[in-house]
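Asker: Sharing a structure below in structure tokens format, with a few things to ask.
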Amino acid sequence: MKKIGLLSQILIAFILAIIVGAIVGPSVEVVKPLGDLFLRMIKFIIVPLVLASLVVGVAGTGDIKKIGRMGGITFFYYLLTTAFAVTIGLILANIFSPGKGLDIAATTETADPAEAPGVIDTLLNIIPTNPIASLVNGDMLQIIFFAIFLGLGITILGDKAKTVYNFFDELAEIMYKITAIVMKLAPIGVFGLIAPTVGEYGVSVLLPLLKVILVVYLGCILHAVLTYSVSVKVFAKMNPLKFFKGIAPASLVAFSTTSSSGTLPITIKNSEENLGVSRKVSSFVLPLGATINMDGTALYQGVCVLFIAQFFGYDLSFAQQLTIVLTATLASIGTAGVPGAGLIMLTMVVTSVGLPVEGIALIAGIDRILDMIRTSVNVTGDASAAVVVNAIEEKRELKVSNGVSV
Ligand code: ASP
């Protein structure tokens, strides 16, 4: 195994898992602890990594104006690509009508969608009342808020806060090192996560909803190929193939773990080592992206809402579809980067256009399958933002060093 690169090892494990899962069936569950082992190993990195890398990401720029600019570009890119993703989802769902003519009872499963919080509460909730509690609970948005302010404080104090800065810098460095060690387990982890999933989902579960699955997968692939290829090519002059190959380990881990936050250490590692993103940019753009940028989730929500409308025989007007673009974009921002979170936030989108939330139960049975591809796209989208922001920042720095005022 030594001579084979990590990406190939992960790919082999992935294909092997599908074969073994399909042959052995549900009893392949015995390998699940391998997946759980890997999951836990990457999860324990996240909180200290996000805190330390984001503090360093903000404070390392050393300039409040620059942080504001980088934040602005990042946020704009995230919003735009997400809105784009929902639109692709809606177009495909209109073309393929995955919800029409389905012969399944909507009431076979009881709808149990957890209440999605309102917009104002979601926004207010970003501010921690006790940042230590946020760290203990792993509340990502609150940790990000705290880290950004710590970084700003350090920037304003300058040399006076050097010790604290160095502490976070070294902590971040340590967490990156641990990531590198844990990544060696990725092939085993991917096998342990994928094989039981394949074993669990039989044809009878998947077949009735095959059209939704295909539409979501097609949409995600289209979005990745169109949107990310174009943006890395145009803004960073990067060959899209290099981009996809460079981020492939993270995308595969995201596919297997269905967690953007869980994949974050690997996303950072791949972006820096394979895509040439600077530490400054990756440590700012990626933790933010893993929490608020969810193109795959937004696309999936677009498809699912239309699917539910079609299933119950509602016709959605153009204005209602625009509402979906808006609410799905917002809902995806509010979605945590953890397994299944997108399904919960789907309630918000479904109710925004007055559809019955019972429809969500239809999706629930196959959500894991949809979660895999959407998380993979979520993570790929974050990396594309890192590449683009990195290129814009590099260009600006070049101009500044050439004496052009910007
Ligand atoms: N699992 C997704 C993620 O971590 C979120 C979702 O459920 O859509 O990115």
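Placed from the backbone N, Cα and C atoms, the Cβ positions cover glycine too.
Note that TrEMBL annotation is computational and uncurated.
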Asker: With TrEMBL as the source, which of 2-23, 178-199 is set down as transmembrane segment?
Answerer: 178-199
Asker: Going through 37-62, 178-199, 205-226, 344-366 one by one, which has the most CB pairs that fall under 8 Å from the transmembrane segment (74-96)?
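Answerer: By the under-8 Å Cβ criterion, the transmembrane segment (74-96) pairs most with 205-226.
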Asker: By a Cβ-Cβ criterion of under 8 Å, what residues six or more beyond either terminus of the transmembrane segment (140-157) are in contact with it?
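Answerer: Same-chain contacts beyond the flanks: 47, 50-51, 54-59, 61-64, 67, 125-128, 131, 134, 164-165, 168, 261, 287-288, 290-292, 336-337.
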Asker: Under 8 Å between C-beta atoms and at least six residues away from its ends: which parts of the chain pack against the transmembrane segment (37-62)?
Answerer: 70, 135, 138, 140, 143-144, 146-148, 150-152, 154-155, 161, 165, 168-169, 171-172, 175-176, 178-179, 182, 185-186, 188-190, 192-193, 253, 257, 259, 261-266, 268, 279-285, 287-288
Asker: Tell me if the transmembrane segment (178-199) touches the transmembrane segment (205-226). I count contact as 3 or more CB pairs below 8 A, with pairs 6 or more residues apart.
Answerer: no
